[in-house]
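Here the structure is laid out as structure tokens; the discussion comes afterwards.
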Amino acid sequence: MRIGDRDFRSIWPGGDGESVRIIDQTKLPHALEIVSLSGLDDAAKAIADMWVRGAPLIGATAAYGMALALRQDPSDAGLGHAYERLHATRPTAINLRWALDRVRLAIGRLPPRERAQAAWHLAAEICDEDAATNRQIGENGLALIEAIARQKPAGEPVNVLTHCNAGWLATVDWGTATAPIYLAHDKGIAVHVYVDETRPRNQGAGLTAFELGNHGVPHTLVVDNAGGHLMQHGMVDLCIVGSDRTTAQGDVCNKIGTYLKALAARDNGVPFYAALPVSTVDWTVRDGVAEIPIEQRGGEEVSHVVGMSDRGVVERVRIAPERTPVANYAFDVTPARLVSGLITERGVCEASEAGLAALFPELARKRA
Ligand code: MRU
């Protein structure tokens, strides 16, 4: 997608064929800094420190991280070490394990001298697939926006509320929740997005608003607690969020606060969809609340905020008293009963075991 007059993906191979380029997302929206990753340590740090974030992009970066690691040590021990190191970076987004398993399975059976090159090609394939998958999610979700647009008085936009950043910066390209929005906008359908700021790290304010602005999609930034009010006043036609892990029975784990939006949506009869590739489904778990590990991050993300001062300097300021105890749960789980449907690359299905199994019978069967 575009930043200014340039097309970008969120990750791409460097021209030297030996390093990977990413956008340091901790610097957005104030600065566009491209960073080069050239080894396992770089890739692990980029994920852990959230230079890259968003479930599909975490997976894509981990795949390249394996390729970079295998250049340094292609032995079985090297493969195992790289897997463990990358797997430990962040606990909730299942795309991380999905990508690491995929690389280990394909590469582990090759002789060591062939591993690095094969992993490099596989990482590129995972990236291309992710872009195509998200575009397909967009096509499938577009139908939902079109159906609402047909019911609206002429000229009135379809109002979509989204949480966090499930946009192209969270994937390789297009985004999951944003793909239907971009396609609707490009097709000339009037669409307007309410962007939750998404405390504590403000991925909505810093990333989603940045993306939508660069693509020319009308949007309004709102505080996290505004969603219920907007829905009570008929200002939201549709919620679309992303997912970090969706269980076999359709529970959706996503950025903290997603659950509260789903409750407000249910109370106000607003359809609430999660958009996700099948790589986000964890077929090994059913009950998301009981079984999904929820990342807890450092308290300073809550006690402080980072932003640009009126003097044009990026600064971190404290907003709580110095010794206030802080808890920082990064994700929550929205039970399937509150989810109107899952928008996937194979179509839109009910958020249930039967719904997912109907779209992905081969994967659901393997799990059973
Ligand atoms: O902590 P983050 O920024 O990695 O969290 C990202 C989200 O919660 C996204 O909504 C999710 O990964 C879906 S990305 C298409």
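Numbers here mean position along the shown chain, with the first residue as 1.
Using N, Cα and C of the backbone, Cβ positions are placed for all residues, glycine too.
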ARG53, GLY54, ALA55, ARG90, ASN254, LYS255 bind substrate per TrEMBL; candidate in GLN136, GLN203 listed for that same site: GLN203
ARG53 (substrate binding site) CB neighbourhood, other CB atoms within 10 A: 24
Cβ neighbours of CYS164 (site 'Transition state stabilizer') where a neighbour is any other Cβ within 10 Å: 30
8 Å Cβ shell about ARG53, GLY54, ALA55, ARG90, GLN203, ASN254, LYS255 centroid, substrate site members excluded: ILE58, ALA93, CYS164, ASN165, ALA166, ALA170, GLY242, ASP244, ALA330, PHE331
ASP244 (active site, proton donor) and ASN254 (substrate binding site), distance between Cα atoms, whole Å: 5
